[in-house]
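Asks: Supplied in structure tokens, the structure appears directly below.
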Amino acid sequence: MRRFYIFLLLIPYINGTINDDSLPMVITTWGSDGFKKATKNAVDATLLGGRMFGLVEGLSTCEALQCDTTVGYGGSPDENGETCLDSLVIDADGMRVGAVANLHRIRDAARVAWGVMNFTKHTLLVGESATQFAKTLGFKEEDLSTEETKSWISKWKTEKCQPNFWKNVSPDPSSSCGPYKTNPLTKSMRYYSLVNQSDEAGYLVEKTNHDTIGMVVRDTENIFSAGTSSNGARFKIPGRVGDSPIPGAGAYANKFGGAAATGDGDVMMRFLPSFFAVTQMELGTKPSKAAYKAITRILKVFPKFSGAVVAMNVKGRIGASCANINKFGYNVAFQNGTVVTYSISCLKEVNSLKYLKEGIEFA
């Protein structure tokens, strides 16, 4: 049976463009209460201090609230039980970018990323060196673990370290904990692929296991900012960095619009979905179709991939698309503080490409 998926564009328009009285405007991934609060704080802060202040305040809200335990401290520990943070902030005016990845023992990842933008000529700082940079700026060093994360690790180890992110090692990572040793490469592995690539995309994305807030801000001057904050994949190999802090992967913005992504970051970062969605909007594609194209080009290679993209263009139109998630919610906020949460059905592995060739447009 054929299934069709609708991409909603429910937003106040006047003669095809958004009413300027609605600006600033913010769109964020995920529809839970913490994300709604972050969305409202972002639009309020944008009115007070501009698009970058609004972006950072919104992301920082989710960090403090530990949104769905997938943002901020006390979530998604690595194999060693340590929680590390990633964040990205982008200002479309001048393409200014700051990011941190694998940030240890500092809670304020988004503010540190903003510090990279404002106080260095770099784009991305990583690991312990990023922590030292944060301390130079006056950020407090503290343990990001909680009793809950410690219990997760304990349970994970008693369940033979399942799931994990190892492959082609011994003992069998699908049934045993490490330490692991690499298996000898066969001839076919050397010349073709270490594993069937479809096995690389099986990271289940859901409400408590999605790892990211992605946000796009459009200010009163119609200029965009965009960013992310994340504590990464749960039980990841220490040192792992996903899509969230990578410009064009986790988020992207220019004068034509902005986009943000969430989901299986190890796969998504290979396709730069946020950059792709924005460039599609630059070519005149509506946000819903731009997000849809960004998702389906990943599904063509990784049918089991799960994730989502939200997008907003310079006319104030919004759109979203998702794959292999039961339901994906996202928020839109306006100048008056109203936050509207939408929920869309997602493309599925078994039928996403066979029948549906393009998103259904509204408005």
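The backbone N, Cα and C atoms fix where each Cβ goes, and this holds for glycine too.
According to Swiss-Prot, the record shows the following:
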- Thr212: active site, nucleophile (ACT_SITE)
- Arg240, Val241, Gly242, Asp243, Thr262, Gly263, Asp264, Gly265: substrate binding site (BINDING)
- Cys161-Cys177: disulfide bond (DISULFID)
- Cys322-Cys346: disulfide bond (DISULFID)
- Asn15: N-linked glycosylation site (CARBOHYD)
- Asn118: N-linked glycosylation site (CARBOHYD)
- Asn196: N-linked glycosylation site (CARBOHYD)
- Asn336: N-linked glycosylation site (CARBOHYD)
- 1-17: signal peptide (SIGNAL)
Asks: Using a 10 Å cut-off, grab the number of neighbouring Cβ atoms around the Cβ of Val241 (substrate binding site), all chains included.
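Replies: Other Cβ atoms found within 10 Å: 21.
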Asks: Out of the recorded positions Thr212, Gly242, Asp264, Cys322, Cys346, give me the one sitting nearest to Asn336 (N-linked glycosylation site) by CA distance.
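Replies: Ranked by Cα distance from Asn336 (N-linked glycosylation site), first place goes to Thr212.
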Asks: Have a look at the glycosylation sites (Asn118, Asn336) and report the one with the fewest Cβ neighbours inside 10 Å.
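Replies: Selected from the glycosylation sites Asn118, Asn336 on minimum Cβ neighbours within 10 Å: Asn336.
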Asks: Can you check what DSSP calls Cys346 (disulfide bond), collapsed to helix, strand or coil?
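Replies: DSSP call for Cys346 (disulfide bond): coil, neither helix nor strand.
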Asks: Taking the Cβ of Cys322 (disulfide bond) as the centre, how many other Cβ atoms fall within a 10 Å radius?
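Replies: Total other Cβ atoms inside 10 Å, all chains included: 28.
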Asks: Quick one: which of these binding-site residues, Val241, Thr262, Gly263, have their CA within 10 A of Thr212 (active site, nucleophile)?
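Replies: Final answer, ordered: Thr262, Gly263.
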Asks: What residue among the disulfide-bonded residues Cys177, Cys346 has the most other CB atoms lying within 10 A of its CB?
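Replies: For the disulfide-bonded residues Cys177, Cys346, the Cβ with the most other Cβ atoms within 10 Å is Cys346.
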Asks: Between the binding-site residues Asp243, Asp264, where is the Cβ count within 10 Å the lowest?
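Replies: Minimum Cβ neighbour count within 10 Å, taken over the binding-site residues Asp243, Asp264, occurs at Asp264.
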Asks: Would you mind pulling the longest C-alpha to C-alpha span across Arg240, Val241, Gly242, Asp243, Thr262, Gly263, Asp264, Gly265, which the record has binding substrate, in angstrom?
Replies: 16
